[in-house]
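Take a look at the structure set out below.
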Amino acid sequence: MGPLTFMDVAIEFSLEEWQCLDTAQQNLYRNVMLENYRNLVFLGIAVSNLDLITCLEQGKEPWNMKRHEMAAKPPAMCSHFAKDLRPEQYIKNSFQQVILRRYGKCGYQKGCKSVDEHKLHKGGHKGLNRCVTTTQSKIVQCDKYVKVFHKYSNAKRHKIRHTGKNPFKCKECGKSFCMLSQLTQHEIIHTGEKPYKCEECGKAFKKSSNLTNHKIIHTGEKPYKCEECGKAFNQSSTLTRHKIIHTGEKLYKCEECGKAFNRSSNLTKHKIVHTGEKPYKCEECGKAFKQSSNLTNHKKIHTGEKPYKCGECGKAFTLSSHLTTHKRIHTGEKPYKCEECGKAFSVFSTLTKHKIIHTEEKPYKCEECGKAFNRSSHLTNHKVIHTGEKPYKCEECGKAFTKSSTLTYHKVIHTGKKPYKCEECGKAFSIFSILTKHKVIHTEDKPYKCEECGKTFNYSSNFTNHKKIHTGEKPYKCEECGKSFILSSHLTTHKIIHTGEKPYKCKECGKAFNQSSTLMKHKIIHTGEKPYKCEECGKAFNQSPNLTKHKRIHTKEKPYKCK
C-alpha cells in the first residue's frame, strides 16, 4: 500500500449534491475542509488542490458559478473525514442523518397551492432524494479511508511524544506543547476564562471535564471501587492512579537524577526541582509557584474561601483533599502502611516522607552551604537561614515568620483555642500535630533507635536532632556573638537574649516570656494541673522533665559522669 494522499480520503460532490445543503451546512463544509487541511499539513501530507483551499478561505463557492445555475460542472472536493476532532460517526451525522431529518418528511404535498406547483415541488424533492442517496453511498465508501487516516495520524501524533518535539508554542509565556489541543487548554491560564459554571454552587471551571468531575462532590457518588482494598473513587482515573499504590510500579524515571515515579504528571512536577522554574505568579502578593494548581490553592488565602466543610465538627477547608484527610481524624483510618516497619499513616505523602528514614536518601542539596535534605520542603525552609527572609507577619503582634504554617500555629496563641483533645488524659492542644506527638507519652512507642548510644525516640525529627550530638555538627551560627547551635529553633531562641524581646505574655499575671513553651509551662502554676504522673509511686508533676528526673530515684540511674 502506497503512502496516504489527500485524494485517498477525499469525497467528490457534484453541483446538484452541493445544492442539497443549506447555508449552515455549506459553512460547516468550509470550516471542516480548512481544519482538515491544517491537520494534513501538520502530519506532513502534501495537498495539491491549493486553489480550492484559497477559495474556501475567502468564503467563496467551491467553483466559480452561481448556485441556481444547473449546468454540469467539475465536481468539488469534500474532506469530511475530520481527523481527531471529528470521528467517523460525525461524518454520517453531518450528511446522512442531518439532511434526511431536515428534508425526509418535508410534507411537500400539503403546502402546494396549485397542481403545477405540486409537480415542481415533487420533482425537486425526488432530485433531493437522489442527491442524498448518492451522498450516503459516497460516505460509506469513504469509511475505510477514514480509518486508514485515523490510524496513520494517531501513530504520527503518538510518535511525536517520544521524539520530545513541541511544535506548538504559547505566545504569552513561551511554553511549548506537542499537541495543538494542549496549547489551546493552556492558553486559558493566561485569559482566566472559566466558561463552565456549576448550577449547584456557582463555581466556574476552565474545562467542561473539570465541571463534570466537580458535580460528583454534590452527589457524593463513588462508583469506581478498588478490588484490592475496597476503597471507592468518584473518577475512574483516580482509581487507576490508586491501583499503582498496590503494585508499586514506577514507570516514569527522571533522566537528571534517576528518581522514578508512578505517574507522568509527578515526573513533570519533579523536573521543576532541577530547573527551579516558577511560571505561575500571584497578582495579589507576587509569590510564584511551580504549578498552576498551587497558585489556585494559594489564591484562596487572599479570598478566605473555604468551600469544603466537615459534617462531623463543622471545620471548613480550602481544598477537598484537606477535608478528606481531616475526616480521618474522626474515623482513625490509616490506609497507608510502611512495608519496612509496619507503621501506618492517614496520608500517602506522609508515608512517602517516612520511607526516606529507611533509605536515608538526601537528594535535595543547598547550593549555599552544601547541606543535603531528604525533602524539598526542608531545603526550602533551610534556604531562609541564608536569606533571613520572613515574609509571613502576624497582624496581631507583628511577629514575622519564615513559613506560613508557623504563622498559622502562632495565631492560635492569640485565640487561645484548643480544639484537639487527648482521649486518654483529656489534655487539649491548639495544633493537631502536637496532639499526635503527645499521644506517644501514653503508648511509649519509640521506633527510632540510635546506633551510636542505643537511645530510642518516638519521633524521627528528635532522632535526627539527637544524631548531631555524636557528630558535633552545629550548622546554625549567631551573627551577634558567634555561638553555634544544632537546631535553627535554638538559634532563634538564643537571638532573643540579644534583643531582650519577650513576646509571650501571661494573661493571668502579666508575666512575659521569650518562648511560647515557657509560657505554657508557666500557666500550669495558675491552674495547679499536674498531668505527668509516676507509675511507680503515684507522685504527679506539672512538667514532663520533672517526672523524668524523678523516675531516676526508682531506677538509681546516674547518667552524668565526671570526665
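Note that Cβ sites are derived from N, Cα and C of the backbone, with glycine treated the same way.
Positions annotated as domain 'KRAB' by Swiss-Prot: 4-75.
SER544 (phosphoserine): 13 other CB atoms within 10 A of its CB, across all protein chains. Feature annotation from Swiss-Prot assigns phosphoserine to SER544; the stated evidence is a large-scale study or a structure entry.
Swiss-Prot lists 140-162 (among others) with the feature zinc finger, giving sequence analysis as the kind of evidence.
What Swiss-Prot records for 168-190 (among others) is zinc finger, and it gives sequence analysis as the kind of evidence. Secondary structure of the zinc finger (168-190) per DSSP (helix as H, G, I; strand as E, B; remaining residues coil): 11 helix, 4 strand, 8 coil.
When pLDDT values are averaged over the zinc finger (224-246), the model yields 83. Positions annotated as zinc finger by Swiss-Prot, on the basis of sequence analysis: 224-246 (among others).
Long-range neighbours of the zinc finger (252-274) within the same chain, counting only residues 6 or more positions beyond its ends whose Cβ lies under 8 Å from a Cβ of the stretch, are 241, 244-245, 290-291, 363-364, 376. Sequence annotations record features per position, and here Swiss-Prot assigns zinc finger to 252-274 (among others).
Feature annotation from Swiss-Prot assigns zinc finger to 280-302 (among others). Long-range Cβ contacts of the zinc finger (280-302) within its own chain (Cβ-Cβ under 8 Å, at least 6 residues beyond either end) map to 189, 269, 272, 318-319, 404.
Across the zinc finger (308-330), DSSP classifies residues as 11 helix, 4 strand, 8 coil. The zinc finger annotation in Swiss-Prot covers 308-330 (among others).
What Swiss-Prot lists as zinc finger is 364-386 (among others), and the listing cites sequence analysis.
Counting residues 6+ beyond its ends, the zinc finger (420-442) has Cβ neighbours under 8 Å at 329, 409, 412-413, 458-459, 531, 544 in the same chain. For 420-442 (among others), the entry in Swiss-Prot reads zinc finger.
Per Swiss-Prot, the feature zinc finger maps to 448-470 (among others); the stated evidence is sequence analysis. Only residues 6 or more beyond the boundaries of the zinc finger (448-470), in the same chain, are considered here, and those with a CB under 8 A from a CB of the stretch are 354, 357, 437, 440, 486-487.
Annotation comment: Swiss-Prot describes 476-498 (among others) as zinc finger, evidence class sequence analysis.
As annotated by Swiss-Prot, zinc finger applies to 504-526 (among others). The DSSP breakdown of the zinc finger (504-526), given as helix, strand and coil counts, is 11 helix, 4 strand, 8 coil.
Among residues of the same chain six or more beyond the zinc finger (532-554), those with a C-beta under 8 A of the stretch's C-beta atoms are 441, 521, 524-525. Marked as zinc finger by Swiss-Prot on the basis of sequence analysis: 532-554 (among others).
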Among 224-246, 476-498, 504-526, stretch most in contact with the zinc finger (364-386) (C-beta, under 8 angstroms): 476-498
Helix, strand and coil counts within the zinc finger (280-302) (DSSP): 11 helix, 4 strand, 8 coil
In three-state DSSP terms, the structure that SER544 (phosphoserine) belongs to: helix
